[in-house]
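Right, I'll just put the structure down here and ask away after.
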Amino acid sequence: MVALCRIRRPHLLFSNSFKQLLNIWNYNNILIQTPFTKHNLSPFSSTPTSQKPINSLSPISIDDSRIVDRLVHIFTKPLDSSKSQELDELGSKITTFIVEFVLRKLRNWRIAYLFFNWASNLKGYRHNCHTFNLMAECLSGARQIDSMRVLVNDVVKFQCYFTPRGLGFFIRCLGNQGLVKEANELFDQMKKSGLCVPNCFTYNCLLDAVSKAGDVGLIELRLKEMCSYGWELDKYAYTPVLQCYCNAGNFENALVVFNEMHKKGLVDAHVLSILLVSFSKWGKVDKAFELVERIEDLNISLNEKTCFVLIHGFVREGKTDKALQLLDKMKNLGFVLDISVYGVLIEELSRNKEIEKAMQLYEDMNVSGVHPDIKILSDLMSCVREERDMIRIVEGRHESLDLKARMLLYNSVLKGLINNGSTDKAYRLLSASTGLDSGGDFNEDIIFPMKELACPNTISFEIVIDGLCRADRLEVALNLFRYMDHIGCKRSVLLYNNLIDSLSRASRLNECYKLLDEMKQSEFQPTHYTYNSIFGCLCRQGDDAVALAMVREMRVHGHQPWIKYYTLLMKKLCKDGQVVKASNFLADMVQEGFLPDVVGYSAVIDGLVKIKQLDEALNLFRGICSRGYCPDVVAYNIMINGLCKAKRVPEAQNLHDEMMDKGLIPSVVTYNSLIDGWCKNGDIDRAISYLTRMNVKEREPNVITYTTLIDGLCNAGKPSDAISLLVKMEANGCSPNRITFMALISGLCKCRKPDDALIYLQEMERKDMKPDPSIYIVLIDAFIKNMNPNEACDLLQKVVHDESLQDLNIKSRPILKEAIRSLSADPRTSSHVKILLEEGHLTALCNVCEIG
């Protein structure tokens, strides 16, 4: 359990030193007496709770009262030379007692600071700790940080003596404004110069200031000093240390402090709140909730503010269930729940579509007399599915809402219907609210009363038209859009964009252009979304000429064509064999001032590679760099693969080295292309070297890598190495597929090792992998050449009795014919072939009936 757990190995910076500090205190408590005894500091409380300087003022005399009143009067009026004589007279009578009273009466920090500095310059007058503290309190309250820094320097400059409590108060004023460095330095200077002998109260105030900055090292140092004096650490020493660790996110040490405080009976609601709120802030939701569960054992009650903070934290971390449990606990404790707690929970539940829980909270609000605001009502409306729930939410609420809130609620109803797939009902509700005939008896609909909520506005039409477009009801959406003119409802850019996008997806370009012209003639300016919707349609249709015209228009209006659309155009043109057109389109885009993305260039380069125009592809590839782009790994892979397939492997190798020099990391695809290239180029050793490189570069070889190398090794006459690589492949966790096995079987047959090949064919069959029919023909041929006609004949019989193996390619048919002739001529197998011929099994196979 979090609250009371013992950390096995606490952080050495605090936990061990903390235990050492406790030991030091125990030791010093026995062997030494505090060095401050002669200063009679023991009566001072260590509690740093006082926000005001010590009230040392006695009743003021009549004469002093008159001086105070005159000074207040003079300094609160505009100062001029006429007051100088009176100020001189008053200055000769001034005391720290009078200064204190004047500072208390001056309400403006500027006037107070002016008076304070005037008094500082009086001959024979010196401020004391009380006047400094009053000025510090005033400046701190006004957040005058620069003036506070000057005041710190004055304390040291004028060598002012401070009581321990006085210095503690001054340090707290500094800490409240984040001046931790200044507070720490002042503490050391006052202590070193003997201007103040700090006691535990002073130290506690310093700890409080340091905790706000989260300086763990400094607060541990000061704590160690306190323990070295033999002082017992109280709640006001522990609490800032706990806060400091929490602020730093160091919960291991925070728990050590908390456990120590609990052991000494120092944990109260405030201490508990520090830990809980920090857990929540740092996302340690489970630990926070575990600690909440232990509250009863600790005999402590949480306050409302802490609970509210925790609920918000739980929701922020997606732990709504924990938040709801804490909410129940708050109800049991009798807390009054406000609208913000309900609001954050209902918002999250609505977002997660937890409708029943959201509605239950809504009912709880009603029972508790908490009136939901429009935000809560809108959140609920967006998630409920049942129309009766919608009615229940709106019922009795809309009368108390103003016009703006009713409009928001009405639009939430429309949005809720759309989100629930009730687009038709949303359309009919909007139609009924505007007097448009929707073609149905809406009066019978349960949602009918909603039409009285508000008069639809532009947002209402945006919601419904967008829903109609997404439901492929474009004609209805267009009619509704046109109807807006009749009721005087203003259109919007969003409406135009949604309709143009939907029309473009339906390839209704003429209507797109009509709406575009309408926008231009109205107050609405087409956006990049407007133009790109039409541009996307042109690209999908492969209309490069009109697409280029649109690009030119976009340039005039300062819009960029979207990469995904012109890349799509490039791919379509290349697929249709119009690679030159695609290349020209990119050149025209450059001419118009647009630099196409490397993705677009890659699409054209890929098209050129596929039609074997490698040199043109290479020129375009080189041109990318000259236009300010660095080709990415994909672009390099396209070129490397193309060059390898064209057996221009050294050039591909150069590109690989180039991409490495540019800091690009080759992918598995890169290595696979080069391995395939070197294998087909007859340099198997070079190909194998790339497998080693992949391991060094932490690029995991895949099934394509191994299959390519197995095929290459067999072609190089190294069947044993191919088999070893298959074993290694499986050992590395890469499972061979049917292509791998077929490559190995075919390769072993080429190396005149059909017996080994047959083993792997049988392994394929055990793994339910279906080889191509050609594999059987290759094996039959290999066994005949290896003087083993009986195995060949067995395989032939398998082929003729399995129809799925008779779909032979053109290359396999002549091999099979020759194999049948050979087996017919061999006395060991001729009788078997003759039977197959007589039974007609070979008639349909390879058209070899004449062999009989």
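Using N, Cα and C of the backbone, Cβ positions are placed for all residues, glycine too.
These came from TrEMBL, pasted as-is:
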- 163-197: repeat 'PPR' (REPEAT)
- 207-326: domain 'Pentatricopeptide repeat-containing protein-mitochondrial' (DOMAIN)
- 234-268: repeat 'PPR' (REPEAT)
- 303-337: repeat 'PPR' (REPEAT)
- 338-372: repeat 'PPR' (REPEAT)
- 457-491: repeat 'PPR' (REPEAT)
- 527-561: repeat 'PPR' (REPEAT)
- 562-596: repeat 'PPR' (REPEAT)
- 597-631: repeat 'PPR' (REPEAT)
- 632-666: repeat 'PPR' (REPEAT)
- 667-701: repeat 'PPR' (REPEAT)
- 702-736: repeat 'PPR' (REPEAT)
- 737-771: repeat 'PPR' (REPEAT)
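Could you place these features in context, so I can see how deep they sit and what lies close by?
Taken through DSSP, the repeat 'PPR' (303-337) splits into 26 helix, 0 strand, 9 coil.
DSSP places the residues of the repeat 'PPR' (338-372) in helix, strand and coil in these numbers: 27 helix, 0 strand, 8 coil.
Residues of the same chain lying 6 or more positions beyond the ends of the repeat 'PPR' (457-491) and with a Cβ under 8 Å from any Cβ of it are 407, 410-411, 414-415, 418, 423, 426-427, 430-431, 433-436, 498-499, 501-503, 506, 522, 524.
Beyond the repeat 'PPR' (527-561), the same-chain residues lying 6 or more positions past its ends with a Cβ under 8 Å from any Cβ of the stretch are 493, 496-497, 500-501, 504-505, 507, 509, 512-513, 516, 519, 568-569, 572-573, 576, 578, 581-582, 584-585, 588-589, 592-594.
Within the chain carrying the repeat 'PPR' (562-596), a Cβ under 8 angstroms from the stretch's Cβ atoms is held by residues 532, 535-536, 538-540, 542, 544, 547-548, 551-552, 555, 603-604, 606-608, 610-611, 613, 616, 620, 627-629, all 6 or more beyond its ends.
Within its own chain, the repeat 'PPR' (597-631) has Cβ neighbours under 8 Å at 563, 566-567, 570-571, 573-575, 577, 579, 582-583, 586, 590, 638-639, 641-643, 646, 648, 659, 662, counting only residues six or more beyond its boundaries.
Below 8 angstroms of C-beta separation, residues 598-599, 601-602, 605-606, 609, 612, 614, 617-618, 621, 624, 673-674, 676-678, 680-681, 683, 697, 699 of the same chain, each at least six residues beyond the ends of the repeat 'PPR' (632-666), sit close to that stretch.
Averaged across the repeat 'PPR' (667-701), pLDDT for the predicted model comes to 89.
Within its own chain, the repeat 'PPR' (702-736) is flanked in space by residues 668, 671-672, 675-676, 678-680, 682, 684, 687-688, 691, 694, 743-744, 746-748, 750-751, 753, 756, which lie at least six positions past its ends and keep a Cβ under 8 Å from the stretch.
Taken through DSSP, the repeat 'PPR' (737-771) splits into 26 helix, 0 strand, 9 coil.
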On the DSSP side of things, how many residues of the repeat 'PPR' (457-491) fall into helix, strand and coil, could you say?
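Each residue of the repeat 'PPR' (457-491) counted once, the result is 23 helix, 0 strand, 12 coil.
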Can you tell me which parts of the same chain pack against the repeat 'PPR' (338-372), counting only residues 6+ beyond its ends and a CB-CB cutoff under 8 A?
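Sequence-distant neighbours of the repeat 'PPR' (338-372): 308, 311-312, 315, 320, 323-324, 327, 379-380, 382-385, 389, 393, 397, 400.
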So how many of the residues in the repeat 'PPR' (632-666) end up helix, strand or coil by DSSP?
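Helix, strand, coil within the repeat 'PPR' (632-666): 26 helix, 0 strand, 9 coil.
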Is the repeat 'PPR' (737-771) packed against any residues at least 6 beyond its ends, judged by a Cβ distance under 8 Å, and which are they?
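Residues 703, 706-707, 710-711, 713-715, 717, 719, 722-723, 726, 729, 778-779, 781-783, 785-786, 788, 791, 804.
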